[in-house]
Amino acid sequence: MEMLQGLLLLMLLSMGGTWASKEPLRPRCRPINATLAVEKEGCPVCITVNTTICAGYCPTMTRVLQSVLPPLPQVVCTYRDVRFESIWLPGCPRGVDPVVSYAVALSCHCGLCRRSTSDCGGPKDHPLTCDHPQLPGLLFL
């Protein structure tokens, strides 16, 4: 009888999280709001823009016997559908194109990171800040 009670208790405890909330414990991969610093070499200003980026949890696995078997591909939260918007930087000298484009995430998914189009993570040497004086982002095209 004690074994049956223990099994029932284990089942109830393991299902408790599903009753408490329908949301996952970790936020899944999805578009989120973000503020980016936009600047261009040759232009004396930096403008912040509000956009959406892909962020969130993607389930991954790793092998226990890594030396025997090849590594499993690791997935990251990355863009599925994206559009590009442009902003005009004031004060750029003649000969420097003042238009800068940036991505706006429309939808995201868990997939392999494409280094050709994405920052695949890892530690950063410096925070994402401006090198030039900052202006509010008011100059959209």
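Heads up, the Cβ atoms here are built off N, Cα and C, so glycines get one too.
Here Swiss-Prot flags 1-20 as signal peptide. Summarising the annotation, Swiss-Prot assigns disulfide bond to C29-C77, C43-C92, C46-C130, C54-C108, C58-C110, C113-C120 and lists similarity to another entry as the type of evidence. Residues or ranges marked as N-linked glycosylation site by Swiss-Prot on the basis of sequence analysis: N33, N50.
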Out of C29, N50, C108, the recorded positions in the record, which is closest to C43 (disulfide bond) when you go by Cα distance? N50
Please identify, among the disulfide-bonded residues C46, C108, C110, C113, C120, the one with the smallest Cα-Cα distance to N33 (N-linked glycosylation site). C108
Recorded positions near C113 (disulfide bond) (Cα-Cα within 10 Å), from C29, N50, C54, C77, C130: C77
Its Cβ having more other Cβ atoms within 10 Å than any other among the disulfide-bonded residues C29, C58, the winner is C29
In sequence order, what residues of the same chain, 6+ apart, have a Cβ less than 8 Å from the Cβ of C110 (disulfide bond)? C29, C58, P59, V75, V76, C77, T78
Rounded to an integer, what is the Cα-Cα distance in Å between C92 (disulfide bond) and C46 (disulfide bond)? 11
Densest Cβ neighbourhood among C77, C92, C113, C120, C130 (disulfide-bonded residues), 10 Å radius: C77
Please report the Cα separation of C120 (disulfide bond) and C54 (disulfide bond) in Å, rounded to an integer. 12
Between the Cα atoms of C130 (disulfide bond) and N50 (N-linked glycosylation site), what distance do you get, rounded to the nearest Å? 15
Of all the disulfide-bonded residues given, C43, C108, which has the fewest Cβ neighbours within 10 Å once its own Cβ is left out? C43
